[in-house]
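Notes for the one structure printed next.
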Amino acid sequence: MSWKKALRIPGGLRAATVTLMLAMLSTPVAEGRDSPEDFVYQFKAMCYFTNGTERVRYVTRYIYNREEYARFDSDVEVYRAVTPLGPPDAEYWNSQKEVLERTRAELDTVCRHNYQLELRTTLQRRVEPTVTISPSRTEALNHHNLLVCSVTDFYPAQIKVRWFRNDQEETTGVVSTPLIRNGDWTFQILVMLEMTPQHGDVYTCHVEHPSLQNPITVEWRAQSESAQSKMLSGIGGFVLGLIFLGLGLIIHHRSQKGLLH
């Protein structure tokens, strides 16, 4: 698995970077440029990790007015020009032994160092998702509908959501939202399935995530209107029974108090 991380550069390296920039801007080549009154100079450093620190790549990019003109890549271990603006600076930095050695060392002092810091917080953080299923509207059997599988409050972002109908995976009619950031280091996603439910159909939302030892599966069963009515009637009867039972207990309690007086 590959992982990319923007750098948290230690104070000493930040100072070295600023010194490098100032040195670059003070070189004869830089002085000879016809720079506009307002310009933007950017320095970006990125670490790329594959299978933890099994393979690490360090890339620094130098950008002038939103155009990258030179870079250092740890795979080649020297500065390279990207545009015609880059050769003078790349050649100058490569000629500075101290600059080149320090940049090469940052593969360990920055990338691997930061990886160990992040390992205890960001990289090992796990939050299990909550999964629910709901139809987009109440419809009778044999009518087109949309089932929505809501997968919420999970971290990290990698997740796999699949739909099954009667234990057979559904691949057509599946629509997903982009991954949504909640703003609290968790994510959510909605995965919809277009379907026409038949009596007895069982739809399953199957979710795989790094926080789970086993996938989460949530089922939704297609029911006829008569079955739904019977279920609602049963629930209604149960609630009414509880109400009458409560009233009976209250009346009995009050009558017992009256006899005692």
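Cβ from N, Cα, C; glycine included.
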Using the record from Swiss-Prot, pick out the residue from C47, C149 that is joined to C111 by a disulfide.
-> C47
May I ask for the distance between C47 (disulfide bond) and C149 (disulfide bond), taken between their Cα atoms and rounded to an integer number of Å?
-> 36
Quick note, C149 (disulfide bond) and N51 (N-linked glycosylation site): C-alpha atoms separated, nearest Å, by 31
Taking the Cα atoms as reference points, how far is C205 (disulfide bond) from N51 (N-linked glycosylation site) in Å?
-> 30
In which DSSP state, out of helix, strand and coil, do we find N51 (N-linked glycosylation site)?
-> coil
